[in-house]
């Protein structure tokens, strides 16, 4: 019943928060691959929460065969969680290419390509996870490692690497910008500020949106790192060294619960720490 209770709590908090994120991003004046992928992430988080709620209710209130259980609530729950993780990988990759290779962004990234990649990725992950429903005569530790490698471990390290690269480049740009202002004369600075003020409003809106999306990506990646780091330690270090007993099983469950919070907390982080997103949300609420 603890599993059911925390799932209900996550749904009560996560479903309206993710829905608000979806509405806010869809109402933005500019549409971009990054905003589309953020919408996909919020939608996947919501469907993952619903799938986990159905799974928890079936586990508590019904007795069903292992084959049925695997195909009709294990596969949706794990698949949607995995898709959410890999969607965050796509978001980080899009931000990495946008910030580190801005001149080739239009050549490599488009809304249509994002839709194709997301659809192909989702189908591939579904087929991959469906294969786990067939009998596998392997130890529990090895099963969790095999399942977790593509579901969590690879996304974890890719997201960490891309986020580190994005933060490094942004920090470098900020230092170069400060040096430019420090080394420029006052007339030069005034001229630069006048040029910025004279830019078109659509350009300002697009730049603001890009900055907001970059902050959203960094926050989502940092949250993912915090909630999934214990799970990776468990899978890669603890399980290979320990026998799979009741204590290890309970610890694994706690780490799963912590990892599931990633489907809930994104919107609250966005609202608390990103001014641009917060103002957009307030506009949606007031409307």
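If you go along the chain as it appears here, the first residue is 1 and each next one adds 1.
Glycine too: its Cβ is placed from the backbone N, Cα and C atoms.
Residues of the same chain lying 6 or more positions beyond the ends of the transmembrane segment (6-26) and with a Cβ under 8 Å from any Cβ of it are 35, 38-39, 42-43, 45-46, 49-50, 52-53, 56, 257, 260-261, 263-264, 266-268, 270, 277, 280-281, 284-285. TrEMBL lists 6-26 (among others) with the feature transmembrane segment.
According to TrEMBL, the domain 'G-protein coupled receptors family 1 profile' annotation covers 17-270.
Per TrEMBL, transmembrane segment is recorded for 116-137 (among others).
Residues 78, 81-82, 85-86, 88-89, 92-93, 95-96, 99-100, 125, 128-129, 132, 136, 214, 217-218, 221-222, 224-225, 228-229, 231-232, 235-236, 239-240, 252, 259 of the same chain lie 6 or more positions beyond the ends of the transmembrane segment (143-167) yet place their CB under 8 Å from a CB of it. Annotated transmembrane segment per TrEMBL: 143-167 (among others), in sequence order.
The transmembrane segment annotation in TrEMBL covers 213-241 (among others).
Here TrEMBL flags 253-273 (among others) as transmembrane segment.
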I'd like to know the mean pLDDT over the domain 'G-protein coupled receptors family 1 profile' (17-270).
79
When you scan the chain for residues with a C-beta under 8 Å from the transmembrane segment (213-241), skipping those not six or more beyond its ends, what do you find?
32, 34-35, 38, 41, 85, 88, 91-92, 95, 98-99, 141, 144-145, 148, 152-153, 156, 159-160, 162-163, 166-167, 170, 248, 251-252, 255-256, 258-259, 261-262, 265-266, 269-270, 273-274, 276-277
